[in-house]
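S.K.: Just dropping this structure here.
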Amino acid sequence: MAMSKIMSLTGLLASASLVAGHGYVSGVVVDGQYYGGYLVDKYAYSDNPPETIGWSTTATDLGFVDGTGYQSPDIICHKDGKPGALSAEVAAGGEIELQWTEWPESHHGPVLNYLAPCGGDCSAVDKTSLEFFKIEAKGLIDGSSPPGHWATDDLISNNNSWTVTIPASVQEGNYVLRHEIIGLHSAGQKDGAQNYPQCINIKVTGGGAATPAGTAGEALYKDTDPGILFDIYSDLSGGYPIPGPEVFSA
């Protein structure tokens with residue numbers, strides 16, 4: 001085989017590896033019960049996919065939404081996101097373990113979690129009507145040596161999973177949990193940040209009285225936000241400003 005063909009094949013294989021390595025949330029565990037998510041690399045090609053708690057998406061390349069899509073509906077629950085038909089039941093104050101298929105070590109960045117009340121059955125909600133409040137965010141953990149140790153590194157070390165606690169004070173009801181990784185490996189340049197939003201439907205039981213104010217998905221970020229336009233390969237001693245609204249505090 002000619003050298004040019006070998007190099008071309010190597011490049012294609014490397015590209016395929018990068019795409020396959022992004023991953024997605026394949027399911028969650030609540031109180032020991034497993035709920036399957038939307039398996040985009042399988043169900044998107046099926047005429048009759050099973051009903052799940054996970055939102056469907058057309059992101060079959062396991063790709064991302066960048067700054068050019070921050071004011072489009074794709075940033076809400078990924079590309080062409082549509083509500084799942086089912087919901088996972090979780091007690092207020094309970095934990096949800098979100099299981100990723102995989103995540104590439106090089107894609108350092110924060111992990112963020114939001115809730116938005118559906119005002120009814122989440123399976124029929126208009127995603128553009130959802131208003132999200134942030135319940136958790138973790139970013140740079142150790143910046144002593146660039147590119148630093150990030151929340152994504154903890155996710156990887158925890159068998160590609162992330163556990164989030166549902167605030168005990170929120171009202172019971174139906175919510176969309178928006179779980180997101182922002183890859184910052186190319187974020188030193190405009191529109192280089194890579195957002196990977198993943199949405200699931202949950203039903204919170206036994207909650208309190210809190211009804212936090214929310215933000216529309218298309219207003220969560222700007223492509224010039226300090227935590228979006230950020231060079232992880234420079235001096236990190238100043239820390240990292242996590243983008244989006246402040247974390248809700250009861």
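Counting begins at 1 with the first residue displayed.
Using the three backbone atoms N, Cα and C, a Cβ is placed for every residue, glycine included.
Okay, so Swiss-Prot annotates it like this:
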- 1-21: signal peptide (SIGNAL)
- His22, His107, Tyr196: Cu(2+) binding site (BINDING)
- Cys77-Cys199: disulfide bond (DISULFID)
- Cys118-Cys122: disulfide bond (DISULFID)
- Asn159: N-linked glycosylation site (CARBOHYD)
- His185, Gln194: O2 binding site (BINDING)
S.K.: Return only the integer: C-alpha distance in Å from Asn159 (N-linked glycosylation site) to Cys118 (disulfide bond).
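M.R.: Computed Cα spacing between Asn159 (N-linked glycosylation site) and Cys118 (disulfide bond) is 31 Å.
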S.K.: Counting only other Cβ atoms and using a 10 Å cut-off, which of the binding-site residues His22, His185 scores lowest?
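M.R.: Each of the binding-site residues His22, His185 was scored by Cβ atoms within 10 Å; lowest is His185.
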S.K.: CA-CA, which of the recorded positions Cys77, His185, Gln194, Cys199 lies nearest His107 (Cu(2+) binding site)?
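M.R.: Nearest listed residue in space: His185.
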S.K.: Using C-alpha positions only, work out which of the recorded positions Cys118, Cys122, Gln194, Tyr196 is nearest to Cys77 (disulfide bond).
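M.R.: Closest candidate to Cys77 (disulfide bond), judged by Cα separation, is Tyr196.
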S.K.: For Cys199 (disulfide bond), name the DSSP secondary structure in the helix/strand/coil scheme.
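M.R.: The residue in question, Cys199 (disulfide bond), is strand (DSSP, three-state).
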S.K.: Taking Cys77, Cys118, Cys122, Cys199 as the disulfide-bonded residues to compare, which has the smallest set of other Cβ atoms within 10 Å?
M.R.: Cys118
S.K.: What are the sequence-distant neighbours of Gln194 (O2 binding site), meaning same chain, six or more residues apart, C-beta distance under 8 angstroms?
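M.R.: Once residues fewer than 6 apart are set aside, Gln194 (O2 binding site) is near Phe64, Val65, Asp66, His107, Gly109, Ile182, Gly183, Leu184, His185, Ser186, Ala187.
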S.K.: Give the distance between the Cα atoms of Cys122 (disulfide bond) and Cys199 (disulfide bond), rounded to the nearest whole Å.
M.R.: 11
S.K.: Can you tell me the CA-to-CA distance separating Cys118 (disulfide bond) and Cys199 (disulfide bond), as a whole number of Å?
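M.R.: For Cys118 (disulfide bond) versus Cys199 (disulfide bond), the Cα atoms are 13 Å apart.
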S.K.: Can you tell me the CA-to-CA distance separating His22 (Cu(2+) binding site) and Cys199 (disulfide bond), as a whole number of Å?
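M.R.: With the alpha carbons as reference points, the distance is 16 Å.
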S.K.: Which state, by DSSP, holds Gln194 (O2 binding site): helix, strand or coil?
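M.R.: In three-state terms, Gln194 (O2 binding site) counts as strand.
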